[in-house]
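Taken from TrEMBL as is:
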- 27-365: domain 'Kinesin motor' (DOMAIN)
- G111, M112, T113, G114, A115, G116, K117, T118: ATP binding site (BINDING)
- 175-204: region 'Disordered' (REGION)
- 185-196: compositional bias 'Low complexity' (COMPBIAS)
- 374-467: coiled coil (COILED)
Amino acid sequence: AGDVMVWRDAYKSLLQQLTDLEKEAACVQVFCRTRPPADEAASSICEITSQSNQIAILDPGRRGTSSRRTYSFDRVFDPSASGSQEDVFGSVRTACGAVLRGRSLCVFAYGMTGAGKTHTMTGTSEEPGLTPRALDFIFQEIDAARRRSPDIKIRASVSVLEVYCEQIRNLLDDIPTTEARGPHGTADGGASSSSGLRNRTQNTTIPEWTEVEVQDAKEALQLMQKGSSRRAVEATLCNANSSRSHCLSCLTVTVEEGSEGPKTGRLALVDLAGSERMYKSGVDGRALKEGAYINRSISALGDVIEAVASKQPHVPFRNSKLTLLLQDLLTHSARLVMIVHVSTRPEDYHETLHSLQWASRFKGADFGAVGVRARRDEAEITKLRAALAKANEEIQTLQAAAEQLQERAKDRAGSQDRLAAALRELEGLRESKARLEQELRRASETLAAQEKELEDQRALIARLQSTQDNDN
């Protein structure tokens, strides 16, 4: 039992260290991913140095060093080397695991239409994207947590929203649910497209949305795909099915264990609408209006990021429904990842340059109440996870041994009761023996005295007879 307590204390200590590290990781990371041209022989305007996580863009209309611009990010994926779907997910794996401990991860997919955002986020059956991989990983963690602690209660639910022309739409509004949710994850009445929650500090109405409870990764992915299929799309010169809205797919996980209160973490996947400029997309009329809203909200998101990065006292969340919707995630020490997608085609030079410049605004931004930069890398967190797993395995081994000892102790308890009764009986016999021995000694002493008295009487009789004979 003592060994079990020692390992449990070690487990709690390691878990606390991991939690502290994850709190320190409440910062923004910017990744860059390129989509190579379909024709390998085609020229490319991008040069990637994955070792130093740099990408250089070359202006096809100019020559010399002035035509070259270099950008550095936290990670630049080389499609010919380390740019696989598994590599992209591996960069956020640790943050996904933290969802069960009440942490949140928000991933943005940004870039012009056709630059590969859908491939990164959704992927294919042969090469699953970040979304299915993250869901699989989180539900594996949920299953492992339930095996470790049979009494743990875990609830997972999915919501899918879009911001279209500065209107927030619930893309799962026709699916039966048990409750409606507000922008801060609190239950608030029944689902209704006309009702809403009012942010008191900003006097802005945010509609309610519904969350659908799910049991596994497959069900969660199906709901996200269902919601995503309802997004507003429009044919443009860049893509026959260009998304004209920003889409937020969210997995909310609430964990209750022991005497601790419930902890809620979220995986938020934000697929931003195509960032191409309007002259490039070749649209007019209604689509032109949609494009104006898209660019305005993306610009507002950039303004929020820049305000945080420069530590301005006022952060303009209310300038866009997109930033207002994301305010809870952007101010509660969530781990934020921006994946900027760029094209390597010469004809897309201006869009690629614009995307890289916009993503650079994210660098150095610290979000959340904690507001600290991560000072330790993924290797240390991985080491702690391994130590946690070993400690938990040792706890389970010692617990099994303790249970066996308890069973043996139960068997011994019966034997010990019988032994105690026998010992009590033996003690009684010993006391009886002592009493009998004492009585025997007394009887022997009495008999010896009587024999001596009898002998004295015999001697007296003999003397008397001898005297009488002499007289005669």
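In case you wondered, yes, glycine gets a Cβ from its N, Cα and C as well.
Here the features listed in TrEMBL are placed on the structure.
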residue : record           : Cβ contacts under 8 Å, 6 or more apart
A115    : ATP binding site : R35, H341, V342, S343, D348, E351, S355
G116    : ATP binding site : R33, T34, R35, H341
K117    : ATP binding site : A109, Y110, G111, D271, L272, I339, H341
T118    : ATP binding site : G129, D271
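Secondary structure at K117 (ATP binding site), as computed by DSSP, is helix. DSSP gives M112 (ATP binding site) a coil state; it is part of no helix or strand.
Burial estimate for the binding-site residues (G111, M112, G114): highest at G111, by number of other CB atoms within 10 Å. Packing around T113 (ATP binding site) is summarised by its Cβ count: 25 other Cβ atoms lie within 10 angstroms of its Cβ, all protein chains included.
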